[in-house]
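Peer 1: Would you mind keeping the following structure in view while I ask a few things?
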Amino acid sequence: MGKKAVCIISGGMDSALSAKIAQEEGYEIIALHFNYGQRTRNKELECFRKITQELNASESYEIDLDFFEQIGASALTDKSIDVPIGGLEEGVPVTYVPFRNGIFLSIAAAIAEKHGAEALFIGVVEEDSSGYPDCRESYIEQMQKAINLGTKDETNIEIKMPLVSLRKSQIVQKAIELGVPLEDTWSCYQAEDAACGVCDSCRLRLRGFEVAGVKDPIAYRK
């Protein structure tokens, strides 16, 4: 039997590349997507399905986590909080979803244990990102310890973060090199028809393409 990896795929560029790297490393892909009440859930799900098909994933999970809307406290899940469009600022932005990656990784670990998967792949980026605390490498390493303490003795899961120290321009270049369908990825926090171009995530993406010297294949409003 070949080795298996659960890949958390949001539909964005980073997670699509992370999953492609897992495939390149010889893992059988178990694709995992979360609908957590985010503003662009429909577009993200559409992109996830296209990416999963391109990866020829052996299994695909679409998990609904409606409780994130009940918790709120994030511009991504609470429509009473505006998505910032003024550029990146210091500190943790209002687009941070409380403990999202911790919850995602816990569910991914349960699926990995079910399938006997050796690895979880997550496309967190620490250096060139929005500054979310649950994207830090040190945090993910501690989650790996907790997961392996809280699962069966024979379960040994490694959480892989292949992009954690890359800049967005390097992610763009690597994605093109590996043939990731960037036209089927979505980064915008607030629009589903054409990307807004002004939220933090759009700015980071556009800057990455600009520095890489490549045109972004998706449509933008401005």
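Glycine too: its Cβ is placed from the backbone N, Cα and C atoms.
Quick paste from Swiss-Prot:
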type    : residues                                                                   : note
BINDING : ILE9, SER10, GLY11, GLY12, MET13, ASP14, SER15, ALA16, LEU17, SER18, ALA19 : ATP binding site
BINDING : CYS188, CYS196, CYS199, CYS202                                             : Zn(2+) binding site
Peer 1: Looking at the binding-site residues ILE9, MET13, SER15, LEU17, which has the shortest Cα distance to CYS202 (Zn(2+) binding site)?
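Peer 2: Sorting the binding-site residues by distance from CYS202 (Zn(2+) binding site), the top entry is MET13.
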Peer 1: Give the distance between the Cα atoms of CYS199 (Zn(2+) binding site) and SER15 (ATP binding site), rounded to the nearest whole Å.
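Peer 2: Distance (Cα to Cα, whole Å): 19 Å.
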Peer 1: Who sits close to ILE9 (ATP binding site): which same-chain residues at least 6 apart have their Cβ under 8 Å from its Cβ?
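Peer 2: Long-range Cβ contacts: SER15, ALA16, SER18, ALA19, ALA31, LEU32, HIS33, PHE48, ILE51, THR52.
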Peer 1: Using C-alpha atoms only, work out the spacing between GLY11 (ATP binding site) and CYS196 (Zn(2+) binding site) and round it to an integer in Å.
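Peer 2: Between the alpha carbons of GLY11 (ATP binding site) and CYS196 (Zn(2+) binding site) there are 16 Å.
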Peer 1: State the Cα to Cα distance, in Å, between CYS196 (Zn(2+) binding site) and LEU17 (ATP binding site), rounded to an integer.
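Peer 2: That separation, Cα to Cα, works out to 22 Å.
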Peer 1: Given a 10 Å Cβ-Cβ cut-off, pick out the one of the binding-site residues MET13, LEU17, CYS196, CYS199 that has the most other Cβ atoms nearby.
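Peer 2: Answer by Cβ density within 10 Å: MET13.
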